[in-house]
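*Asks:* Here you go, one structure.
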């Protein structure tokens, strides 16, 4: 059979698409391109060195077998890496008004197909699967690493440490790993737990003299997914217990996946031995998505809601909300709800006033609150997180807690953790003090308004 390299690779891809899971195919096989076919050797180019190494280790034999079957002769496969460029993705054309999608089309955004009943553990969100994760340059490395861990737990990257800002998809990827393993083995012992839950379970075990049961529970897992590990900072006993849990699981070859808003080395008051353990596998960073990725995220969200939106509206929302995916999807949800309630068409002109920063306001990150309050009150972010009782620092810290309660979805305990481990009663007191002083202290009111303006927090927002 006479085939060019591109023709052979296209046929191999078609064959493998039926034999591999969709996440595997879309992550490893589809992005690879053929750069040549000579003397029985098919040369493939992967997007980056990470992908090329994974293809060589795990899929070269599968590709060679498929190629030989199609070509009629043995085929050798070599894989090279090409660093990813910023090629622009092109979105398909969209209608100028919202149109419900047929039910059959809407199924394309569903979770990965299941071959039978599956066991979903408490805490795993059914929406957080690989098929629903939109991959962009900001998240390609983390997504590929997560899929690699899901396919071969305990082998390549253990632990896998995913870090990135609020609302960028860390929890989605973590839980997608859990869902994937449960698809492969419904009896797998998968545990998804926040650091807060781990700490609370530990406290209860100490109180009830149940430490052995606590250890047995966590160390019997095949896969443990630990979210928000940054909140372990300063908790010496929790760190001690987590260190031994980590060692027990790692020595048994069990996969550990950890998520944080910052790399291990930047978590304050974290034991050096934990920093070392967390860094011994792979640290995968997720950045804020670029415009094209944000547009793709909105389009997929619209498909899941069975709506087609005007391209200019997608572009407007993607350009307006830039810091994280959570606020991006929230803006789309508000826009769809607004159009449904008012009966107005889904156009930029109709929804822009509702999404204006002087109206509802947008979500901000805890770090943004700390940075802007520090700027206005002339203190440092380190001062804000410290235990300093200097009047200027104390007042700035209280305002930071007050605005963090207004501008984020963090609970009182989480806000306290962000400010260096303060408890929730301290946060409540700070909020009450600021609310009292705002009506009688014009200078404070002016400073708070300035921070609000910088953060685009509306004074009418919740809490």
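For all residues, glycine too, the Cβ spot is worked out from N, Cα and C.
Just lifted these from Swiss-Prot, have a look:
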{"type": "REGION", "residues": "1-78", "note": "region 'Domain I, interacts with DnaA modulators'"}
{"type": "REGION", "residues": "78-122", "note": "region 'Domain II'"}
{"type": "REGION", "residues": "123-339", "note": "region 'Domain III, AAA+ region'"}
{"type": "BINDING", "residues": "167, 169, 170, 171", "note": "ATP binding site"}
{"type": "REGION", "residues": "340-463", "note": "region 'Domain IV, binds dsDNA'"}
*Asks:* Write out, in the order they occur in the sequence, the residues of the chain not among 167, 169, 170, 171 that have a C-beta within 8 Å of the mean position of the C-beta atoms of the recorded ATP site.
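*Replies:* For the ATP site, the extra neighbours are 164, 166, 168, 172, 173, 259, 286, 325, 326.
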*Asks:* Average pLDDT across the region 'Domain IV, binds dsDNA' (340-463)?
*Replies:* 81
*Asks:* Looking only at 167, 169, the binding-site residues on record, which one has the least crowded Cβ, with the fewest other Cβ atoms within 10 Å?
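*Replies:* Comparing Cβ neighbour counts within 10 Å for the binding-site residues 167, 169 gives 167.
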*Asks:* Within a 10 Å radius around the Cβ, which one of these binding-site residues has the most neighbouring Cβ atoms: 170, 171?
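*Replies:* Per the Cβ count, the most surrounded site is 170.
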*Asks:* Based on DSSP, name the secondary structure state of residue 167 (ATP binding site): helix, strand or coil.
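*Replies:* Once the DSSP labels are grouped into three classes, residue 167 (ATP binding site) ends up as coil.
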